[in-house]
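Undergrad: Taken from Swiss-Prot, the feature signal peptide covers 1-29. The disulfide bond annotation in Swiss-Prot covers 93-104, 141-149, 151-168, 215-229, 217-224, 299-324, 313-319, 323-363, 339-354, 341-351, 346-347. If you look up Swiss-Prot, you'll see 103 marked as N-linked glycosylation site, on the strength of sequence analysis. Marked as O-palmitoleoyl serine by Swiss-Prot on the basis of similarity to another entry: 221. According to Swiss-Prot, the feature region 'Disordered' maps to 260-287.
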């Protein structure tokens, strides 16, 4: 994908990108971008089959761990929602990192190597995956695509004289409970497992923090005698921006050897850490992303990324950073694009074709 493309271009790509989620070991439940199996292209909509069997086969195609497969089979709408969640997560990850050296490369061998280490990038993958699943499930409930959940009734919010609860809110209560059970928790003695689980929860908490109450007025002549209100999730792009900020301020915890950075040593617990037995728990109470290892530079091709040689960059914005001081090539090309578009009655858009010359910058090898 081209760096610097508008968000709309990334969202349009969703029609052709649907990724397979996977689970790993019996002791752990992993999801989407954090699975070790290859991300495989699947149809977003299920093929027409006998209604009673279609979602069973879809869940089997996802190659889930036993518990996850059982949860998938409970509701005919889960399989399609899981696939949608992975697609959302992948697209948002690539959009948020489009100007970075690591541009959320999800090719199998790079992703597999990355997930074996506790980098900041790994933390982001866990958080964006759990956030994507939480968001997609809550929306699927309110859209009527699930059998075991419907709209959010918000029983914890007080009805007031001036307004009443109504509409169809996104069911965050159901989705967050489902996600925590779906992802599971590994042994608390395993620091890496606890770090991964912590980052999963950060994704869920960011979704919760973005919930807003939306209201619609009812009354004579535009008055607001009665308001109908419901809870609505923030657009997933806003969630992605929030998680990207958390990635940039991620906290390093624990004690580990950094093969990627060539360093080793004990790390002091971060601010706001939880007090475990003997005060030894390094994980923070606050919803911050945490990591164990220093990230590699991602400048050169290696185990964790294909490097930045040949990457497109923006001369005034990020060429110096992305190209790692190697400089960049400049290529001039002529492009033709629709321009001066007008809507004609009825009902089509008429555009002229405008030709212009533009310069493309790519990193030197």
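Here, residue 1 is simply the first one shown, and the rest follow in order.
From the backbone N, Cα and C atoms, a Cβ is placed for every residue, glycine too.
Relative to the rest of the structure, where do these features sit?
TA: A simple way to gauge crowding: the CB of residue 104 (disulfide bond) has 23 other CB atoms within 10 angstroms, across all the protein chains here.
Its Cβ placed at the centre, residue 103 (N-linked glycosylation site) has 21 other Cβ atoms within 10 Å.
Cβ neighbours of residue 141 (disulfide bond) (same chain, under 8 Å, six or more residues apart in sequence): 149, 150, 151, 152, 170, 171, 174, 175.
The local packing around residue 151 (disulfide bond), expressed as other Cβ atoms within 10 Å of its Cβ over all shown chains, amounts to 17.
Residue 229 (disulfide bond) falls within a strand segment according to DSSP.
Within 10 Å of the Cβ of residue 217 (disulfide bond) there are 12 other Cβ atoms, across all protein chains.
Counting only same-chain residues at least 6 apart in sequence, those with a Cβ under 8 Å from the Cβ of residue 299 (disulfide bond) are 101, 307, 308, 324, 326.
Secondary structure from DSSP puts residue 319 (disulfide bond) in a helix. Cβ environment of residue 319 (disulfide bond): 313, 328, 361, 363 lie under 8 Å away, each six or more residues apart in the same chain.
Around the Cβ of residue 363 (disulfide bond), the number of neighbouring Cβ atoms within 10 Å comes to 21. According to its DSSP assignment, residue 363 (disulfide bond) is in a strand.
Residues near residue 354 (disulfide bond) in space but far in sequence (CB under 8 A, at least 6 apart, same chain), listed by position: 336, 337, 338, 339, 340. A strand conformation is recorded for residue 354 (disulfide bond) in the three-state DSSP classification.
In sequence order, 338, 339, 340, 341, 342 are the residues near residue 351 (disulfide bond), counting only same-chain partners six or more apart with C-beta under 8 A.
With a 10 A radius on its CB, residue 347 (disulfide bond) counts 6 other CB atoms from all the protein chains.
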Undergrad: Non-local Cβ contacts of residue 168 (disulfide bond) (under 8 Å, 6 or more apart, same chain)?
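TA: Set apart from residue 168 (disulfide bond) by at least 6 residues yet with Cβ under 8 Å, we have 142, 151, 152, 230.
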Undergrad: Near residue 229 (disulfide bond), which recorded positions out of 93, 103, 323, 347 have their CA within 10 Å?
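TA: Taking 93, 103, 323, 347 one by one, none has a Cα falling within 10 Å of residue 229 (disulfide bond).
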Undergrad: List the same-chain residues at least 6 positions away in sequence whose Cβ sits under 8 Å from the Cβ of residue 93 (disulfide bond), in sequence order, or say none.
TA: 33, 104, 106, 124, 125, 128, 240
Undergrad: Please determine which of the disulfide-bonded residues listed here (149, 229, 323, 341) has the lowest count of neighbouring CB atoms within 10 Å.
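TA: So among 149, 229, 323, 341, the disulfide-bonded residues given, the one with the fewest Cβ atoms within 10 Å is 341.
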Undergrad: Please report the three-state DSSP label of residue 141 (disulfide bond).
TA: helix
Undergrad: Would you say which of the disulfide-bonded residues 313, 324 has the most Cβ atoms within 10 Å of its own Cβ?
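TA: Highest number of other Cβ atoms within 10 Å: 313.
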Undergrad: How many whole Å apart are the CA atoms of residue 323 (disulfide bond) and residue 347 (disulfide bond)?
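TA: On Cα coordinates alone, these residues lie 47 Å apart.
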